[in-house]
Each structure stands twice: as structure tokens, then as C-alpha cells.
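> Sharing a structure here in C-alpha cells format.
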Amino acid sequence: MILLIDNYDSFTWNLYQYFCELGAEVQVRRNDALTLAHIDALNPQKIVISPGPCTPNDAGISLAVIRHYAGRIPMLGVCLGHQAMAQAFGASVVRAAKVMHGKTSPVTHNGQGVFRGLPSPLTVTRYHSLIVDPATLPECFEITAWSETQEIMGIRHREWDLEGVQFHPESILSEQGHALLKNFLRR
């Protein structure tokens with residue numbers, strides 16, 4: 001079962017639908033409606049931290065979940081979830097040079113993790129005004145995807161099964177969204 005933590009974003013339900021279409025059992029919980037003890041009782045095999053309209057500091061239990069389950073349960077962070085993952089390990093989340101709300105752009109990737117077997121570059125949909133500051137990304141993460149302007153679009157922990165993508169694979173305008181999420185499920 002996948003636990004999908006909803007950071008009060010409508011795209012959470014697109015993620016839910018995509019994962020269900022891929023055959024996964026998914027339970028959705030709001031970021032302020034569960035505790036670590038509740039998560040332990042649910043016993044998820046994977047955790048997904050959803051997009052959301054806020055900063056990682058305002059994303060309810062998301063940071064605590066990442067810190068507590070890192071290295072124990074595979075996790076994927078999407079947009080805000082990606083930012084929260086980086087921040088949980090010490091990176092700074094800063095204003096992007098250009099706001100990208102509902103815009104598509106090409107993203108180049110290294111073919112690893114969730115990008116395995118996908119063409120590069122990919123056209124993806126972006127909805128964000130914040131990004132992970134590359135100068136502050138800890139060494140425990142590798143950058144797996146980047147925009148034309150070298151903004152971080154994907155990260156992967158070097159030892160643990162943790163990955164984040166800044167863009168929205170669940171958006172209809174993103175290429176290979178199902179395939180990317182399927183790569184996460186296969187682990």
C-alpha cells in the first residue's frame with residue numbers, strides 16, 4: 001500500500017488516480033490528519049509526499065515523515081514534496097528566478113531511478129515559485145534532473161530509496177508521467 005500525504009493540493013487526486021491506474025493500492029491522508037503512530041499502524045510499503053500551495057515548513061507532518069522514515073520506507077516527493085525532502089536533509093528552498101505555474105518545459109535527466117528508461121529531455125509541467133537551492137543540496141543527494149536554466153528538477157538520495165521531482169508527472173501535459181510513477185512502484 002502507498003500512503004499518499006495530501007498537502008491540500010488538487011493534484012494529489014491526479015497522483016492517486018495515476019497510481020490506481022498502475023494497479024497500486026493507495027490511501028490518502030491530509031498532512032494534518034495523521035501522526036507517525038498512525039503511519040506505523042497503516043504500515044505502508046511506500047510513501048508519496050504530494051504537491052501543495054505552501055512551503056515545506058507549512059506542510060503539516062511532511063518534514064517529520066521524511067526525517068522519520070528516510071532509509072526505512074521508499075519515498076517519492078512531488079513538487080512541494082520534493083522541496084520538503086531536500087529541506088529535511090538541510091537544503092534551502094528559495095524563490096525561483098521565474099515563476100512556473102502551468103508551464104511546460106524540457107527537463108534533462110540522468111536516466112536513473114524514476115527516470116530509468118525514459119527519453120531525455122522530457123517535456124514536463126511545472127507549477128512552482130520555489131526551488132531547491134543547488135548550492136545547499138547536501139552531498140547525500142545527487143541531482144537527477146535539471147531544467148534548461150539548470151534549476152534542480154529531480155534529486156535522489158545516494159544510499160536510501162528517496163527521490164523527488166520538482167515538476168508534476170501527474171499533469172496531463174507531462175510526458176511519460178505514468179512511466180515515471182511506474183518506475184517508483186517497481187522498487
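One-based numbering along the chain as shown.
Each Cβ is built from the backbone N, Cα and C atoms, and glycine gets one as well.
For reference, Swiss-Prot lists these features for the protein:
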type	residues	note
DOMAIN	1-187	domain 'Glutamine amidotransferase type-1'
ACT_SITE	C79	active site
ACT_SITE	H168	active site
ACT_SITE	E170	active site
> For the C-alpha pair, I'd like the distance in angstrom between H168 (active site) and C79 (active site), rounded off.
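Approximately 7 Å lies between the Cα of H168 (active site) and that of C79 (active site).
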> Using Cα coordinates, what distance in whole Å links E170 (active site) and C79 (active site)?
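Their Cα atoms are separated by 11 Å.
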> Tell me, roughly as an integer, the mean pLDDT over the domain 'Glutamine amidotransferase type-1' (1-187).
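On average, pLDDT over the domain 'Glutamine amidotransferase type-1' (1-187) sits at 96.
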> Hey, does DSSP put C79 (active site) in a helix, a strand, or just coil?
coil
> Could you tally the C-beta atoms, other than its own, that fall within 10 angstroms of the C-beta of H168 (active site)?
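For H168 (active site), the 10 Å Cβ neighbour count is 23.
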